[in-house]
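Here is the structure we will look at, set down as structure tokens.
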Amino acid sequence: MQENSLFLGRLRGPVKIAMIVFCAITVALYVLLVGQRIFLEESYGMFEMIRPGGKPLVQLTLVVFGIALLFASLFLSDSKGAIETPPDGFFDLVTVVLGRLAMIMTAFIVLVMFYEVVSRYVFSKPTLWANELSLWIACFVFLFAGLYAMQQRSHIRIYIIYDLMPWWMQKTSDCISVLLIVGFTFALVWGGYTDAENRFLRMETFGTAWDPPIPGIVKPALLIIIVLVCIQAVSNLIADWNKEPEVHTPADEIDEEEIENIRRTLEGKN
């Protein structure tokens with residue numbers, strides 16, 4: 001198991017155990033909250049989950065859930081996909097962990113929407129929070145996915161002219177690209193910092209029945225993530241500086257492992 005580990009090594013086992021334990025505790029606390037809502041007058045729902053002040057059980061649930069997500073992201077980050085660029089350095093590891101968190105959050109969006117569909121069309125009891133919660137999670141999925149795509153060098157690039165350039169011209173082009181990213185980041189932070197700070201300090205809400213503080217959290221997060229994207233771009237430039245020039249072909253985008261899995265599936269059906 002340790003041979004397949006990217007960075008955890010001997011800690012892979014303990015991290016997996018911690019992930020399972022905290023996930024189990026989270027499920028147990030959720031069942032307890034549901035039981036309180038069914039059998040007790042004093043109960044906590046989604047309204048209280050975003051207003052946990054003075055509610056120790058809700059606070060404990062949120063803390064344990066956050067720790068479970070952390071360990072799950074760490075554990076899933078310790079393996080590399082078939083066409084995935086392996087992390088190179090501490091900042092790459094941070095980006096990959098956030099990328100795995102985005103993948104987990106995508107699954108949560110599916111669960112939230114499934115719950116809403118069942119509640120609305122089976123029990124005729126639509127929720128007041130499913131749309132806002134899925135939107136809230138999706139905001140962070142897009143932000144983390146952009147950072148992860150930068151680490152993976154997966155943003156759209158046109159290689160037709162780039163591959164014809166000599167080495168020094170390619171590096172000049174890379175430097176110009178990174179400088180443009182740095183300039184955009186500086187302008188965005190310079191122009192948006194005050195507004196983001198004000199929204200965060202007053203914890204601006206969404207103005208709906210559930211009224212989550214989406215603007216108060218997402219706007220500062222946007223600035224933070226764009227700074228991380230900028231740092232990742234600089235990190236990529238440094239990491240790739242002494243690498244041999246790559247020749248890009250359409251075959252680079254083919255996932256041979258996925259094609260093999262599809263072939264086996266089709267052969268199994270026949």
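For all residues, glycine too, the Cβ spot is worked out from N, Cα and C.
For reference, TrEMBL has these:
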| type | residues | note |
| --- | --- | --- |
| TRANSMEM | 17-38 | transmembrane segment |
| TRANSMEM | 58-77 | transmembrane segment |
| TRANSMEM | 89-113 | transmembrane segment |
| DOMAIN | 109-241 | domain 'Tripartite ATP-independent periplasmic transporters DctQ component' |
| TRANSMEM | 133-150 | transmembrane segment |
| TRANSMEM | 175-193 | transmembrane segment |
| TRANSMEM | 213-234 | transmembrane segment |
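Relative to the transmembrane segment (58-77), the listed stretch 89-113 leads the set 89-113, 133-150, 175-193, 213-234 in CB pairs under 8 A. Across all of the domain 'Tripartite ATP-independent periplasmic transporters DctQ component' (109-241), the predicted model scores a mean pLDDT of 93. Remote same-chain residues near the transmembrane segment (175-193) are listed as 219, 222-223, 226-227, 229-230, 233-234, 237 (criterion: CB distance under 8 Å, separation of at least six residues from the stretch ends). Here the domain 'Tripartite ATP-independent periplasmic transporters DctQ component' (109-241) is broken down by DSSP into helix, strand and coil counts: 101 helix, 0 strand, 32 coil.
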